[in-house]
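What follows is a single structure, written as structure tokens, with notes after it.
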Amino acid sequence: MAAIVIVGAQWGDEGKGKATDILGGRVDYVVKPNGGNNAGHTVVVGGEKYELKLLPAGILSENAVPVLGNGVVINLEALFEEIEGLEARGADASRLRISANAHLVAPYHQTLDRVQERFLGKRAIGTTGRGIGPAYADKVARVGVRVQDIFDESILRQKVESALDIKNQMLVKMYNRKAIDPETIVEYFLSYRDRLEPMVVDSEYELNTALDAGKHVLMEGGQATMLDVDHGTYPFVTSSNPTAGGASVGSGVGPTRITHSLGIIKAYTTRVGAGPFPTELFDKWGEYLQTTGGEVGVNTGRTRRCGWYDSVIARYASRVNGFTDYFLTKLDVLTGIGEIPICVAYDVDGERFDEMPLTQSQFHHAQPIYETMPAWEEDITGCTTFEELPQKAQDYVLRLEELSGTRMSYIGVGPGRDQTIVRHDVLDEK
């Protein structure tokens, strides 16, 4: 029995989909415990590239059962569009399970998300506009609509009417928009009821029963540590907890059942949207990382901001997630660049910080303190063992391991499933 949680260690787009795809073929369940269709990931299988947004990467595994956990917020239109797109390419989505306790994203959530971002202007967070934040806000305010509610029309209608009592006041009086008819929302949800019903289960019970039977469960966190609503660069964060603790809450798998916490981290750093980013590059190297690394957001289409590896963030992520292992991705992107700077600490108004500063104001003003290492010139995309890597590449990985305080168990040397070096296999360890 193993319960493994996968967590992004930076600001997202680290390659969690690849990690899930590699491990997902050897586990019995792959669970998405948080987020919605706001966090895309790319998986390359058999030379074909799949871009997933709401569904877990385990949907492409032939054996694993994919699950959307209770912590996910689900846009039904986006869900079935994604399913249909995969099925058109020959994928089998019939094994998908959805928690009855997951919350639903309503059309009014998307409307409010877009209107509020425009209203904020320069103070906007930079959301995807897909209604994720408003859906989570309703969940916490206890006025959200859950998956199970669409199977009882009277409860559904009552919840929608109650939610729109307040939201229509906001739309009309604050944002000068038209009120939304509750009946159109009820009809929208009911139109998906028959297709949804076969997928809905008590996922918490099913997952724990599977673990009791000695099966393997992989939890695939969305977004990343630095976007966590509590532990990230607030307020430039998502609306859920995409850290290891959040995976437990969003799946119903208790924390003592988690055997490995696997952090996914790039050999450099990227970020999409607004917010502080100490190692961000504005020169030719930033453009090089964007171009060579293919740094364009799957979900937003926005070019990612790029910077050097930040070991302060890596240590912080290891601590708040209890990482047992790291999966280092995109090492190949750094081939042939001469020297590679590594951020080892911050300078904030003349004071050195080896760990995360206490306040967001300090973090916003943090300047990176770098050490440099020589890059390698050799093509590493065909390397299959750590020993096959050029010595300079090995030295770089070992230095990141030392600075991060967590072993680098997997190393990505290309986008393909088979372009991964395995130093320690979490599924072979107790």
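Each Cβ is built from the backbone N, Cα and C atoms, and glycine gets one as well.
These figures come from a predicted structure and were not determined experimentally.
As annotated by Swiss-Prot, active site, proton acceptor applies to D13, with the evidence given as sequence analysis. In the three-state DSSP assignment, the secondary structure recorded for D13 (active site, proton acceptor) is coil.
Summarising the annotation, Swiss-Prot assigns active site, proton donor to H41. With a 10 A radius on its CB, H41 (active site, proton donor) counts 27 other CB atoms from all the protein chains.
If you look up Swiss-Prot, you'll see 12-18, 40-42, R304, 330-332, 412-414 marked as GTP binding site, on the strength of sequence analysis. In three-state terms derived from DSSP, K18 (GTP binding site) belongs to a helical segment. Around K18 (GTP binding site), the C-beta neighbours below 8 angstroms that are at least 6 residues distant in the chain are T42, V43, V44, A57, T329, G412, P415, R417, T420.
Under the heading IMP binding site, Swiss-Prot lists D13, E14, G15, K16, N38, A39, G40, H41, T128, R142, Q223, T238, R302, citing sequence analysis as support.
Residues or ranges marked as Mg(2+) binding site by Swiss-Prot on the basis of sequence analysis: D13, G40.
Secondary structure at R304 (substrate binding site), as computed by DSSP, is coil. Annotation comment: Swiss-Prot describes V298, N299, T300, G301, R302, T303, R304 as substrate binding site.
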Candidates D13, G15, L331 (recorded positions) - the one closest to R302 (IMP binding site) by CA: D13
Statement: Cβ atoms other than its own within 10 Å of the Cβ of T128 (IMP binding site), all chains, total 24
Message: Of G15, N38, T128, L331, which is closest to T303 (substrate binding site) if I measure between C-alpha atoms? They're all binding-site residues.
response: T128
- line: Here the binding-site residues are G12, G15, G40, G301; the one whose Cβ sees the most other Cβ atoms within 10 Å is G12
Message: Please give me the CB contact count at 10 A for N38 (IMP binding site), counting all chains in the structure.
response: 27
- prompt: If you measure from the Cα of G12 (GTP binding site), which of the binding-site residues G40, T128, Q223, R304 is the nearest?
  reply: Q223
Query: Hey, how far is G301 (substrate binding site) from Q223 (IMP binding site), Cα to Cα, in Å?
result: 16
